[in-house]
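Engineer: Grabbed the feature section from Swiss-Prot, which reads as follows:
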{"type": "DOMAIN", "residues": "6-207", "note": "domain 'Lon N-terminal'"}
{"type": "BINDING", "residues": "Gly356, Pro357, Pro358, Gly359, Val360, Gly361, Lys362, Thr363", "note": "ATP binding site"}
{"type": "DOMAIN", "residues": "592-773", "note": "domain 'Lon proteolytic'"}
{"type": "ACT_SITE", "residues": "Ser679", "note": "active site"}
{"type": "ACT_SITE", "residues": "Lys722", "note": "active site"}
Amino acid sequence: MNKKSLPLMALRDMVVFPGVIAPIFVGRQKSLQALSHTTVSEEDNSKYILVTLQKKFDQENPSKHELNNTAILAKIIQIVKLPNNTAKILIEAVARVKLSNIKGNDAFEANYEIIPDEEIFDVNNMRSLVDNAVQLFSKYAINDKKVNAEIIETINKEISNSTNFINIINILASHLITSLEAKQHLLEETSPFKRITTVISTLTSNIVNSETEQALQQRVRKQIEKTQRDYYLHEQMKAIQKELDEDKSELADIEKKIKSLKLSKEAKEKAESELKKLRSMNQMSAESGVTRNYLETLLSLPWGKYDNSKIDINQAEKILNRDHFGLEKVKERIIEYLAVLQRSSKIRGPILCLIGPPGVGKTSLVKSIAEGMGRKYTKFALGGVRDEAEIRGHRKTYLGSTPGKILGQLKKVKTSNPVMLLDEIDKMSSDFRGDPASALLEVLDPEQNSHFVDHYLEVEYDLSNVIFIATANSHDLPRALSDRMEKIYISGYVEEEKLQIAKNYLVPKQFKMHKIKKDEITISETAILDLIRYYTKESGVRALEREIGALTRKALKQILADKTVKHIAIDSSNLEEFLEAKKYNFGLAEKEDQIGSTTGLAYTEVGGELLTIEALAFPGKGEIKTTGKLGDVMKESAMAAYSCFRSRATNFGLKYDNYKDFDIHIHVPAGAIPKDGPSAGCALFTTIVSLMTKIPVHRTVAMTGEITLRGNVLPIGGLKEKLLAASRGGIKTVLIPEENVKDLKDIPPNIKESLEIISVSNIDQVLKHALVETPINK
């Protein structure tokens with residue numbers, strides 16, 4: 001197309017799009033000069049002018065370099081002269097053009113070339129996009145109420161013409177609420193698809209902003225109306241209260257309560273000070289509500305209130321034996337604790353902490369202690385507590401502040417000397433809000449807890465009469481907290497103990513819970529043993545109780561569904577008719593002695609477990625690889641076991657060439673369960689020796705113990721739990737460190753009778769008992 005030349009006018013507050021009719025007020029001298037230089041076109045007898053946005057909007061006299069090159073060829077429809085040498089023109093944007101050779105001092109003039117839009121190939125897609133844009137524009141116009149209804153009507157007419165997509169895009173673009181730079185960028189874009197996409201994006205943003213603004217205005221309006229309404233009601237209430245003199249009556253009750261309670265001197269002074277402050281306040285103010293809540297909380301605490309507990313250790317022992325089977329050493333220590341309390345009204349000894357796997361009766365023991373002492377029982381669950389304000393309370397300055405849970409529990413039981421269970425004390429954690437374990441130090445320390453200060457109360461409260469007893473699954477407690485406690489370890493139950501607990505406690509409890517009559521259902525000992533062996537795998541009896549409950553419900557359902565059934569007897573022969581198939585295998589996992597596979601013993605938070613350790617050798621560089629989600633300590637045990645093996649390889653009839661070209665892969669199933677701890681050295685060493693010498697390991701032998709590089713066996717913890725696991729797993733022989741022999745006195749006699757327990761002091765003795773034949777060649 002041949003280039004043409006026309007006068008050029010700079011705009012600083014608008015961008016005009018093709019097909020749009022727009023008014024322009026002309027006041028700058030250069031713009032007036034450009035307008036005066038326009039001439040009538042020979043083609044249609046009309047005047048034309050070029051208009052473009054200047055780059056700097058605050059520039060009064062922009063140079064030619066400060067003008068955008070993409071402009072509009074506009075047809076002048078009307079010129080109206082105004083006072084003060086200004087004018088108003090009405091233009092119709094004809095086409096988008098590219099400017100070149102801009103010149104002129106008094107007025108701009110430029111050559112131009114019309115810029116065509118890219119051709120639309122995908123008409124259906126464009127129609128869909130344009131429809132979407134028009135719908136969004138209609139929604140925006142309705143919400144914003146700034147767009148003339150005639151504009152919407154014009155667009156709706158244009159949409160009916162499927163070939164006029166470009167005009168619709170231009171009309172929509174001209175009414176967008178966006179920056180001038182964004183509109184100029186939209187004008188410069190030649191792709192219709194990119195332009196309509198930008199229009200849709202901007203309209204969506206405008207709608208969101210408009211809706212947000214309307215919602216905010218509505219919320220502010222409602223808040224203002226509510227505030228005015230509340231003020232009116234409060235003034236009315238205040239007038240009524242003034243007439244009835246209710247305020248004086250309420251404050252008089254608070255004053256009477258302060259005088260009647262056995263408050264400490266500090267607490268009484270604080271209460272009187274707050275009451276005095278409350279009298280001088282506007283009763284409808286926020287501050288009076290805070291002060292009133294504080295006084296109510298302060299006066300609701302059990303100041304000087306104590307249960308008349310008379311400890312009788314014989315009666316307490318009967319209660320413990322009634323509620324718990326076995327646990328003789330634990331009950332003996334509790335009775336000793338109560339004996340000291342019976343003789344001394346205040347105890348300065350350590351806090352008891354019951355540590356054991358889930359379901360062994362830790363919580364119920366604390367309830368029995370409270371009953372045996374004749375005191376109320378309360379529980380503070382510490383599992384998942386991260387905020388020290390849960391212990392010490394929130395300061396009054398915070399909105400909705402309350403005292404800590406310690407004082408909250410005392411307020412609940414209405415006594416200052418309950419038995420308080422601090423449950424799951426090992427499950428606390430810390431974050432940016434503080435360390436609750438450190439906050440507990442003041443609560444549990446007998447030298448400090450008589451002067452405990454809650455952040456909310458801001459006065460001392462005596463906690464020295466509260467009996468705190470903690471429970472935990474793991475002995476891994478913060479050092480400072482651990483030093484203030486006496487740990488009592490509760491091991492898991494053996495099979496015989498579980499049987500007795502089920503017969504004497506769990507079955508009657510479930511029958512009572514489900515309203516089972518005595519002659520309706522009977523559960524034999526063989527059925528209970530099958531439940532223990534094949535449906536549960538735990539140190540406690542929690543899962544066993546659930547299975548008995550499920551068994552009871554299914555039997556009850558059968559009785560109620562079939563009126564002819566009067567009695568159901570459950571034994572091992574029909575157990576699976578009521579429950580699902582057996583969940584666990586009872587006995588040995590391996591049917592034959594295996595090479596490179598050893599049974600170890602592990603101690604976890606849920607009790608003892610059998611730990612299978614297996615290994616394979618394959619060509620490599622003499623390295624060792626471990627898998628099974630092992631911790632750092634266990635990985636180091638594997639390295640130590642391998643080094644010990646290599647140092648003794650010649651004793652096993654192996655030459656250096658037998659293992660230097662082989663890598664060993666040690667795996668401990670199951671791979672998803674984390675494993676760590678210093679007690680797997682013997683099992684790791686035995687696995688490696690069995691693998692390299694091709695001598696099987698006795699499948700009936702399990703072992704525990706760490707080893708040194710010189711082959712000495714070191715002592716371990718959790719012996720009782722490990723032996724219980726060995727007994728449950730069908731193990732016949734257990735190898736334990738020689739230094740752990742002293743711990744056998746705590747093992748139940750039936751466990752010691754069911755297992756051959758052999759003490760070992762070095763790895764030669766381990767191999768002698770673990771392997772099918774001795775590999776050592778003297």
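Every residue, even glycine, has its Cβ placed from backbone N, Cα and C.
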Engineer: Excluding Gly356, Pro357, Pro358, Gly359, Val360, Gly361, Lys362, Thr363 themselves, which residues in that chain have a Cβ inside 8 Å of the centre of the Cβ atoms defining the ATP site?
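Structural biologist: Close Cβ neighbours, site residues excluded: Leu354, Thr471, Asn473, Ile490, Ser539, Gly540, Arg542.
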Engineer: Find the average pLDDT over the domain 'Lon proteolytic' (592-773) in the predicted model and report it.
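Structural biologist: On average, pLDDT over the domain 'Lon proteolytic' (592-773) sits at 86.
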Engineer: For Ser679 (active site), identify the closest of the recorded positions Pro358, Gly359, Gly361, Thr363, Lys722, judging by Cα separation.
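Structural biologist: So, of the listed recorded positions, the one sitting closest to Ser679 (active site) is Lys722.
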Engineer: Which whole-number value in Å describes the distance between the Cα atoms of Pro358 (ATP binding site) and Lys722 (active site)?
Structural biologist: 16
Engineer: Using a Cβ cut-off under 8 Å and a sequence separation of 6 or more, which residues in the same chain sit near Lys362 (ATP binding site)?
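Structural biologist: Within the chain, Lys362 (ATP binding site) has Cβ neighbours under 8 Å at Leu354, Gly356, Thr471, Ile490.
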Engineer: Measure from the Cβ of Val360 (ATP binding site) and count the other Cβ atoms within 10 Å, all protein chains considered.
Structural biologist: 27
Engineer: Near Thr363 (ATP binding site), which residues of its own chain have a C-beta under 8 A away, given they sit six or more steps off in sequence?
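Structural biologist: When sequence neighbours closer than 6 are ignored, Thr363 (ATP binding site) has Lys379, Leu421, Asp423, Thr471 within Cβ distance under 8 Å.
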Engineer: For the C-alpha pair, I'd like the distance in angstrom between Gly361 (ATP binding site) and Lys722 (active site), rounded off.
Structural biologist: 19
Engineer: Would you mind reading off the Cα separation of Gly359 (ATP binding site) from Lys722 (active site), to the nearest angstrom?
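Structural biologist: If we compare the Cα positions of Gly359 (ATP binding site) and Lys722 (active site), the gap is 17 Å.
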Engineer: Distance between Lys722 (active site) and Val360 (ATP binding site) at the Cα atoms, whole Å?
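Structural biologist: A Cα-Cα distance of 16 Å.
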